[in-house]
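These notes concern the structure reproduced below.
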Protein chains: 4
Amino acid sequence: MSSNVPFSGVVPPVVTPDTPDHQLDVVSFERSINRLIEAGVDGLFFLGSSGEVVFATDERRDQIVREAVRIVNHRVPVLVGIIDTETERVLEHGRRALALGADALVATAPFYALGGPADVEEHFRILHQELDAPLFAYDIPVCVHTKLPWKMLARLGAEGVLAGVKDSSGDDVSFRYLVQENEKNGHPLTLLTGHEIVVDGALLSGADGSVPGLANVEPKGYVRMWKAAQDGNWSEVKREQDRLNEISHIFDVTTGVQGYGAGVGAFKCALNLMGIFDSDQMPRPVKPLDDQNREAIKQVLVANNLL
Amino acid sequence: MSSNVPFSGVVPPVVTPDTPDHQLDVVSFERSINRLIEAGVDGLFFLGSSGEVVFATDERRDQIVREAVRIVNHRVPVLVGIIDTETERVLEHGRRALALGADALVATAPFYALGGPADVEEHFRILHQELDAPLFAYDIPVCVHTKLPWKMLARLGAEGVLAGVKDSSGDDVSFRYLVQENEKNGHPLTLLTGHEIVVDGALLSGADGSVPGLANVEPKGYVRMWKAAQDGNWSEVKREQDRLNEISHIFDVTTGVQGYGAGVGAFKCALNLMGIFDSDQMPRPVKPLDDQNREAIKQVLVANNLL
Amino acid sequence: MSSNVPFSGVVPPVVTPDTPDHQLDVVSFERSINRLIEAGVDGLFFLGSSGEVVFATDERRDQIVREAVRIVNHRVPVLVGIIDTETERVLEHGRRALALGADALVATAPFYALGGPADVEEHFRILHQELDAPLFAYDIPVCVHTKLPWKMLARLGAEGVLAGVKDSSGDDVSFRYLVQENEKNGHPLTLLTGHEIVVDGALLSGADGSVPGLANVEPKGYVRMWKAAQDGNWSEVKREQDRLNEISHIFDVTTGVQGYGAGVGAFKCALNLMGIFDSDQMPRPVKPLDDQNREAIKQVLVANNLL
Amino acid sequence: MSSNVPFSGVVPPVVTPDTPDHQLDVVSFERSINRLIEAGVDGLFFLGSSGEVVFATDERRDQIVREAVRIVNHRVPVLVGIIDTETERVLEHGRRALALGADALVATAPFYALGGPADVEEHFRILHQELDAPLFAYDIPVCVHTKLPWKMLARLGAEGVLAGVKDSSGDDVSFRYLVQENEKNGHPLTLLTGHEIVVDGALLSGADGSVPGLANVEPKGYVRMWKAAQDGNWSEVKREQDRLNEISHIFDVTTGVQGYGAGVGAFKCALNLMGIFDSDQMPRPVKPLDDQNREAIKQVLVANNLL
């Protein structure tokens with residue numbers, strides 16, 4: 001485990017604040033980004049699943065990347081999600097993100113149209129050929145309904161097609177095999193776990209870092225955990241994860257909501273309660289959490305000394 | 001069953017021809033559209049799942065709609081798919097399609113981000129409020145991983161939010177309930193089945209028509225079936241469906257391909273063999289069928305007197 | 001469509017009545033069976049999914065078959081479900097059912113352990129070799145999580161391994177292909193649909209009959225529909241299906257229940273309200289419907305003149 | 001992490017050897033059990049998913065338990081799987097296993113019939129009430145298609161209904177929450193992971209042990225890993241897991257097989273090659289691995305110094 005691996009460490013997927021009338025809230029965005037960088041994160045991932053990428057028009061995507069690059073101002077690397085259904089559309093997002101200053105690009109498997117592994121592999125090969133930037137594969141079957149096979153990922157890493165993987169597959173067995181195979185290949189891939197609740201186990205097994213949504217709410221914990229892991233202090237890694245998991249109950253104290261509204265809704269609610277976001281507005285058609293759920297989240301934050 | 005229902009009858013989802021270098025093949029497009037209209041179809045659905053909608057950049061989508069409206073030239077209604085992940089993006093597609101002359105719009109449930117039924121309903125309500133055109137709900141869980149509940153569809157029809165449903169859910173029980181409920185509501189919704197293999201049963205149960213991809217290859221059969229159904233000649237309806245299903249084996253005589261490459265790939269291969277498309281090019285990252293599969297499809301066409 | 005096909009026509013899956021203390025209620029069982037036969041059904045299927053097969057111990061299964069054979073007394077054929085996880089267990093059930101007088105056996109694909117199509121095919125081949133009785137394949141992926149491929153079913157029919165198929169797959173496209181392929185093979189298989197809500201379409205497409213759970217509540221409608229189909233009176237077939245579907249809303253007027261408790265629970269509740277079952281007791285761990293749901297079902301029955 | 005927790009440590013799910021004519025191979029069974037105990041395992045789990053439970057008739061299940069109890073002879077605790085579709089059938093297996101000397105029982109959620117969480121909870125409550133033995137919940141959604149919610153498991157632990165959980169869900173987030181909640185409850189549940197490839201992370205997070213199928217092939221590695229974890233030597237834990245994972249490639253070097261035939265088939269092949277099992281016979285309808293796959297597994301064993 002080494003901080004020499006590019007894009008390694010804590011790379012939060014940045015939650016995007018909206019104004020009540022559904023515009024990008026640039027002030028809150030800047031406040032949140034600065035807080036993350038000051039907490040010591042190693043990179044920032046914009047336009048991820050929790051960064052409203054699929055809710056944002058192309059114009060809004062551009063605005064988010066433009067403001068992100070301006071605010072970050074080279075303090076940490078900027079990774080940008082170029083998530084869309086199929087190759088030509090993803091290429092367009094990639095070209096625009098690079099023109100606006102992205103340091104690396106993050107793409108999922110194609111989705112909506114059904115396909116097979118050969119289509120997926122061809123997709124990543126085309127992206128690599130036509131986009132001049134480090135390319136991360138984003139493995140998120142819960143959204144795209146395709147699991148990226150670890151043998152394919154390892155092979156594309158060895159061939160230089162992929163620079164890394166963000167694993168949000170929930171398949172820790174597959175991730176573990178990928179880590180071991182990548183090591184045999186000389187560690188060409190940067191392997192980041194998106195599972196904020198079990199980062200400790202992923203780090204023990206050899207992950208190069210994490211992409212934890214919960215770090216939007218409590219970045220310092222993930223930074224401490226990463227440092228403890230680099231020191232080989234695994235009992236401290238575990239203790240920090242336990243503490244973070246208590247905070248993560250903002251995901252399950254709510255009722256009557258599900259999916260994006262429950263997950264990112266909880267982030268926005270917490271960030272609003274903590275004074276980091278001026279509003280908890282959600283992108284259409286999703287509604288913000290109601291008062292009862294807001295109160296439940298408040299209690300979790302109070303119990304964990306975040307309020 | 002009445003032809004007075006708007007957008008009823010045979011409404012094929014038009015397959016989009018590509019040139020070998022991945023441009024829209026306008027000549028083949030015109031040839032195919034004219035052939036469909038001359039065969040007697042009642043409407044045309046562009047930018048459906050099999051019309052490359054999720055493969056096409058916004059610019060390409062505009063080009064397809066523009067050429068479609070020009071070629072159709074008001075001979076039949078033009079329905080346009082405005083398929084994208086979430087509300088704001090779908091609204092953009094809707095505004096552009098209407099500006100280019102679409103007669104009706106077809107939208108799926110939101111996808112990629114996870115949500116619940118309240119999000120889905122809100123999505124369709126916003127689309128209806130902000131887009132001044134008849135709106136069809138496109139029920140295609142195999143692509144969007146959400147089944148539209150028939151009670152919600154019937155209610156949105158009764159309230160005037162939806163003008164119709166294109167059902168590609170494969171859930172004939174749900175479709176049947178929807179047909180009966182819609183009848184009780186005074187038939188506000190036009191209900192079209194997308195299941196080209198069992199249109200006969202759908203028509204018997206009260207469907208207002210079909211959206212059969214296979215009609216790209218053999219439109220006259222679907223037109224005859226629709227007329228026989230209007231005449232109450234059910235044995236003829238069944239006989240025609242049987243005949244069409246023999247042709248549909250172009251879907252399953254191939255090997256080593258799946259999903260879009262197998263389905264739309266078979267359409268493009270057949271249309272190319274029949275001289276309607278100048279090429280069988282597929283959109284990236286999908287590859288055209290190989291020679292062995294092409295030969296297998298050729299034999300089906302020969303056996304069914306289409307070559 | 002011919003009544004000469006063995007086991008064709010209306011073959012209800014018989015719901016099994018329980019006493020309040022979870023014993024087989026033989027009196028209610030006899031009352032219900034006699035009512036079904038007097039309504040004109042063509043066969044009876046015991047120990048199907050809705051006949052408590054997976055809830056019943058081996059001893060209880062034997063008791064159900066023994067009483068069924070005694071009560072039916074050769075008035076109609078007795079089909080018995082021999083549903084269990086894997087081959088040796090299914091063989092045991094088959095031998096016991098045959099010893100007790102079953103006329104035909106009905107088996108699903110193996111379940112619980114994961115496997116592939118070769119395992120499924122070998123399973124049916126072994127059952128056929130070792131059990132001397134007509135064997136039906138029961139295609140019910142919602143329970144066993146394997147879809148039986150129509151090409152395999154047609155082939156096993158042509159080879160004499162299978163005598164028929166009970167299709168509860170919800171995949172009408174697959175069923176339609178099976179019907180056509182079976183016809184080409186000389187009609188070796190008896191093809192029954194288990195989809196009580198869309199029997200009309202299945203009959204139009206060439207099904208040999210149906211296995212409708214709802215016939216436990218209203219057998220005469222299914223018998224009339226079958227006769228109308230044999231007469232080619234398709235508008236009458238459709239009208240009867242529409243009427244039956246109104247009754248079927250006993251499935252969806254309930255709240256807070258799901259799966260077996262909602263489906264078979266509704267049957268037992270209705271049969272109890274109609275005086276055919278002395279109790280609506282459900283097998284453990286499932287609970288009977290509560291008073292509010294019971295009232296909702298009562299209203300459906302009243303509205304449809306069944307109470 | 002303490003060895004005072006009952007049933008904690010390494011508890012392999014014992015693979016059941018068959019003779020070529022499908023009888024229990026008692027000689028190989030004894031050889032394998034003795035090898036496992038001599039390697040230092042802390043308990044043995046018979047009639048698990050990989051122990052042929054769903055393939056075995058009741059008579060065979062009894063034979064397996066009888067021989068297991070005899071061979072183990074109180075050297076380690078004997079856990080027995082009582083896996084069947086619904087409550088009454090599971091209760092029967094439980095009574096028989098206890099009469100034959102089982103020390104603890106392991107039951108899954110009900111399967112085949114669809115239900116909801118209330119049914120699942122009632123199921124475990126009935127099992128606890130009527131079976132006088134420590135009861136483990138076996139969370140294996142890939143087989144039963146129901147995920148046991150961690151909040152329910154924690155609650156049933158706190159109430160004394162469950163003695164432990166064997167987690168084969170692949171949902172490490174859920175497992176992690178369960179571990180933390182169980183700790184808050186005073187550690188009433190013994191929490192074992194069934195994921196042999198990521199035991200290291202599970203132990204770090206607080207698991208009480210593992211149920212690794214791969215320990216049938218290489219038990220000493222899992223025993224060493226467990227001891228290292230108790231010593232807090234996490235780099236050693238990770239190193240041992242890495243080594244075991246290399247051996248686990250016996251699962252993926254094969255071609256043309258899937259599910260049980262690939263997984264347990266690989267175990268039996270390896271044990272046969274290593275001279276522990278006299279045959280690699282599989283239960284019907286599954287076939288043993290062919291010569292090519294056998295050779296591939298042999299190479300993995302040689303490369304890892306097991307041959």
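Glycine is treated like the rest: Cβ placed from N, Cα and C.
Annotated active site, proton donor/acceptor per TrEMBL: B:TYR138, in sequence order. Taken from TrEMBL, the feature active site, schiff-base intermediate with substrate covers B:LYS166. Feature annotation from TrEMBL assigns pyruvate binding site to B:VAL211.
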Cα-to-Cα gap, the residue listed as 'pyruvate binding site' vs B:LYS166 (active site, schiff-base intermediate with substrate), nearest whole Å: 7
Tertiary neighbours of the residue listed as 'active site, schiff-base intermediate with substrate' (same chain, Cβ under 8 Å, six or more apart): B:PHE45, B:VAL106, B:PHE136, B:ALA137, B:TYR138, B:ASP139, B:LEU192, B:GLY194, B:VAL211
All-chain count of other Cβ atoms within 10 Å of the residue listed as 'pyruvate binding site': 29
DSSP-derived class (H/G/I helix, E/B strand, else coil) of B:VAL211 (pyruvate binding site): coil
B:TYR138 (active site, proton donor/acceptor): secondary structure state under DSSP, collapsed to three categories: strand
The residue listed as 'active site, proton donor/acceptor': tally of other CB atoms within 10 A of its CB: 29
